[in-house]
């Protein structure tokens, strides 16, 4: 910042004033000194798009700042940067494309939008010399995207595992710590505001899948679509599963898993038993973490709050600082790097995992031999077997942890298990990840 | 990268070819495609400064690349970037100042140099329009400096706690897990190459103090000197201490602690009992982690390998990518931000902590009352007290964990304890940090 020279303020248009939007207003207001110190000029919020002009807000807003007409932001030539924290996909996408076409830089916290249309938006941004930053779209306050793009710039990332949904991690932590049922804990989470009234997107793994799409695209430098991510949620996990996990030294987490081998990748979201010594196993409650394995760096992990008004707003304003630094240097729109590799997905026979299986069988002679014969047929051996007391109705429970099996063989084994007359039900089946890779 | 246009390669001069230097050579060689994709031009190592031209090297090096004359790098006009991985302070500083004065950008992994002369070097870099990046100087492969500078750019950081020395964390992990003595584990660590033949700098906390100097300067935007850091090492920790810690639900770590309150800060390095639910408590063996608390973001943690050839080299080459991106954009030398605040250190009466104390006393009536009276006199109460069986020679052991006390009062209490006739020895005294802040 040159002294004695009056520097023009940067003008912001804010789309949305919910919890994250209010956080952005607060941080820009409270940290004006730091922002001026870092980028050399003041930051002013010029206009805020809201649905209801008269609603009570958790922050003090000057009258006249609010508008319900998006054009007052998108067509205002004085607005340099549009911050999008309103959510939604199609209409929001149109707004942002309109903003970029008019040379406005964009910061967004919108994972749905970036997972579905990130590639198109980044292209438009680049064509118009605009920055489009979206750190807040994955893992809220954790600067993971910067970590991947800048911090590990010189490394080849081969694996990313993320606890990227706070709601499900809260539910699984409570179920595990307190031995309570999924339904009971979900209800409590809803009462406490940790889960939505309609929790589908969280508990069925869709939210996590969107974030993994963004992470995998950046980390593997390969355009991954949401449809490429195999998704399984947590709604059918039972207290019994978690209890067996504990006996075996495992912790259950909803894990977004992205793995690269050679030129091919796989991306999935599924409930997973982690060995207790895995760095992700100790990530509790609503916290998020992303574990990254790079060929050179080895294991790293980024941990922090995955959501919340101020954490997410911190990531948004940090992106804004990035835009403003680029503005000062006159280099906007040149930091995005297009994917280096064409998309190549692993086939099922190239995807390997250990599995935990809990099976209810007719308690009769030879059942166990029949079951193990199926696994042997596909070359899958066992790491652990739990012998369990006989239950009512002449049913026994068998718990198995396999060594690595391909997804193809695993699917075939499941089918053949169901064909066995003595197998009443495969109660549950989960991926298992131990610390050693 | 524009097609059809031949782009000039970036020329590197490497100072040093030890473990990290060899890693840098390997990564630049193996990841040439990725580097070209990211920055649009090839990267060539033009010259490497070594002491012994004929020594065997762990990487294949073209003949003619090695030199024992620094001037062949520092005065070569074609070299754009100098990477310093030779270590040392005074001579190295002269080399780097010479390089910067000749317009060469610098990447260094040298914590000693940055802790002692970082401010001066950054000033010279800025005067000559050069980048000076030093991510590898703290916590090896963990991109923590970027996290602080960019990722948390908009937040106000109030606390940083770091496990920033791998050797001591390895020793403490082994002592705790295996109940072995400090001397025994140190010996083993030396045999395995995890500890130096002269381990002083690691085990006495000096190495950690240098890293905390760099972290605190960046995180608090305040110039902190190495002399401002209070340092205590791990060499007097005993197996008994760790055993008591376990009983109380604590894990012992060598913690670099940096805390800001209002405008004042404190920075220290000391063995610390962490409650087991603290994210840093589960960081094991030679791993490093930095826990950062920001007013808006709340808790975040960065975890990874703190040292090692390839992890450290990854950070170095990632910095190199940063320099090259700036070169392409023509904006080198403008990313460093000078400290925003004047240095203000907390007085002893402004530094608060909980403490663990283990005291040997004469086993006689009234001793316990005398001891607690001293604490009461300074307004310090207890969180936990361990009653212990009487030992030989009519000595009893008392273990106390206090509520928060100022450093002033803590020092006075220690003095008065020693004045008590019945107190034979204060066997150990450590800081205690619980998860709730």
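Every residue gets a Cβ built from N, Cα and C, even glycine.
Summarising the annotation, TrEMBL assigns active site, proton donor to B:211. TrEMBL lists B:15, B:16, B:17, B:18, B:19, B:20, B:21, B:22 with the feature NADP(+) binding site. According to TrEMBL, the NADPH binding site annotation covers B:111. Among the features that TrEMBL reports, L-homoserine binding site is placed at B:196. The domain 'ACT' annotation in TrEMBL covers B:356-434.
Shown here: features listed in TrEMBL, placed on the structure.
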residue	record	DSSP (3 states)
B:15	NADP(+) binding site	strand
B:20	NADP(+) binding site	helix
B:111	NADPH binding site	helix
B:196	L-homoserine binding site	coil
B:211	active site, proton donor	helix
Model confidence over the domain 'ACT' (B:356-434) (mean pLDDT, whole number): 91
Spatial neighbours of residue B:111 (NADPH binding site) among the recorded positions B:17, B:21, B:22, B:211 [C-alpha, 10 Å]: B:211
Cβ-centroid neighbourhood (8 Å) of the NADP(+) site, B:15, B:16, B:17, B:18, B:19, B:20, B:21, B:22 excluded: B:14, B:23, B:24, B:85, B:86
Among B:19, B:22, the most crowded of the binding-site residues [Cβ within 10 Å]: B:22
Euclidean distance between Cα atoms of residue B:196 (L-homoserine binding site) and residue B:16 (NADP(+) binding site), Å: 19
Residues of the domain 'ACT' (B:356-434) by DSSP state, where helix covers H, G and I: 27 helix, 33 strand, 19 coil
Sparsest-packed of the listed binding-site residues (B:16, B:18) - C-beta count within 10 angstroms: B:18
Between residue B:19 (NADP(+) binding site) and the residue listed as 'L-homoserine binding site': CA-CA distance (Å): 14
The residue listed as 'active site, proton donor' and residue B:22 (NADP(+) binding site), distance between Cα atoms, whole Å: 23
Cβ-based isolation winner (fewest other Cβ atoms within 10 Å) among the binding-site residues B:17, B:20: B:17
Residue B:21 (NADP(+) binding site) CB neighbourhood, other CB atoms within 10 A: 28
Listed in sequence order, residues with CB under 8 A of residue B:211 (active site, proton donor) and six or more positions away: B:111, B:115, B:137, B:138, B:139, B:162, B:164, B:165, B:256
Number of other Cβ atoms within 10 Å of the Cβ of residue B:15 (NADP(+) binding site) across all protein chains: 26
